[in-house]
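Peer 1: Take this structure first; my questions come after.
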Amino acid sequence: MSRQKSQTSKGHGASKGKEREQRTLIRFKTTLMNTLMDVLRHRPGWVEVKDEGEWDFYWCDVSWLRENFDHTYMDEHVRISHFRNHYELTRKNYMVKNLKRFRKQLEREAGKTEAAKCDFFPKTFEMPCEYHLFVEEFRKNPGITWIMKPVARSQGKGIFLFRRLKDIMDWRKGTAGKKVTSVETQATRANVNPSGSHDTRSSDDQKDDIPVENYVAQRYVENPYLIGGRKFDLRVYVLVMSYIPLRAWLYRDGFARFSNTRFTLNSIDDHYVHLTNVAVQKTSPDYHPKKGCKWTLQRFRQYLASKHGPKAVETLFSDMDNIFIKSLQSVQKVIISDKHCFELYGYDILIDQDLKPWLLEVNASPSLTASSQEDYELKTCLLEDTLHVVDMEARLTGKEKRVGGFDLMWNDGPVSREEGPCDLSGMGNFVTNTHLGCINDRKEQLRQLFRSLQVQKKASS
């Protein structure tokens, strides 16, 4: 149950210390009118509460979190869908700042080889505060392409590419609105529900009417891996249940998002070429709503295996595992790890021609609005399995390595794909418990899991 701190105790206040007691009635609340609402309303034993009613589970948006979290009392069993300062990972400038700091820490403590495992994000500068550092770097490498991104906006809004220092000088003076507006206008025409479907509605959103907001200037990956001549990125889902200790799950399914136009560096102003966001692509004249611009990760993995062989694919996906873990570790000491909180992150990964993955950003509010029937089914399963792992019903033992489509990849240390204790001293033959893009037989796994849990419960009673 949740209530404002100023209110008197009532309802399930006596539940303190009994968070593992099984519950048959879960009161939920959410303001997001999309796939999430369908999943919550169809979950057995879950009932919706509105307005100021007391709740056990709240899938909130980050604006509510910012305004109310510090003033809300929560009993032991209550769960909420964001960590208090999630923006340390999900706001672009903070993410880079934390990754840079973590890399330096690794170099001091473990050497350059270990620190090099953090070299998965393009060279990035925060603007305008690192403007002079950026200019110095820009002049060292004339002619390359850079991309400007507002630190706290989504759906391609405010993004533009450039190669001339004059473009950045115009932006710094607050006169680059023409380029920014062209992208914003196209994305706005997508007519997507702003209450629930936008990615990364950050805790520190900037208002659009200020002349120059904080941006990051990032070296543009000029050699992306292309399929059918088109650029794409990957959306991958990571569920964090705790930061101290770090406990993270990786979902087997996700998707590749394609641009609608063949890739070229000759037209850097054409965002249909360079931005893969669905909100941008669906405004393209060539966009087909039924066809969409997505592949499942399983299809993508099979395609790569046929082109490059299983070994190259294993290396690529292992490198992505490294991105997930290192990025979470980079904020482990700064995220407020409240036991009431969990977070479903949407990672955006770009693959280059050398099959090297690059982290573009991490979303605190990945879109849960479906763009097709296939997308609806994926997100429905994702959300159902998220609720299974969050386990409001207190059915799990806490020792599970797989729940539906989620695989436990980190539990205060790496989790092995093999059963039983593992020797981590050399990590030579260690294989992380991840199956991204592999077969997701979640229904059968859940059936067996809950049957086993029922047997264990009967045996112990």
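Just so you know, glycine gets a Cβ as well, placed from its N, Cα and C.
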Peer 1: Given that Swiss-Prot annotates Arg257, Lys379 as binding L-glutamate, state which candidate in Lys231, Lys294, Lys339 belongs to that site as well.
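Peer 2: That L-glutamate site, as Swiss-Prot gives it, pairs Arg257, Lys379 with Lys294.
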Peer 1: Tell me, roughly as an integer, the mean pLDDT over the domain 'TTL' (22-402).
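Peer 2: Average per-residue pLDDT within the domain 'TTL' (22-402): 84.
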Peer 1: Please report how many Å separate the Cα atom of Glu361 (Mg(2+) 2 binding site) from that of Lys294 (L-glutamate binding site), as a whole number.
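Peer 2: On Cα coordinates alone, these residues lie 19 Å apart.
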Peer 1: If you run the three-state DSSP split on Lys379 (L-glutamate binding site), which class comes out?
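Peer 2: Where Lys379 (L-glutamate binding site) sits, the three-state DSSP reduction gives helix.
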Peer 1: Cα distance, Asn363 (Mg(2+) 2 binding site) to Arg257 (L-glutamate binding site), nearest Å?
Peer 2: 15
Peer 1: So what sits near Lys379 (L-glutamate binding site) in its own chain, CB-to-CB under 8 Å and at least six residues off in sequence?
Peer 2: Thr35, Leu368, Ala370
Peer 1: Around Arg257 (L-glutamate binding site), how many other C-beta atoms are within 10 angstroms of its C-beta?
Peer 2: 22
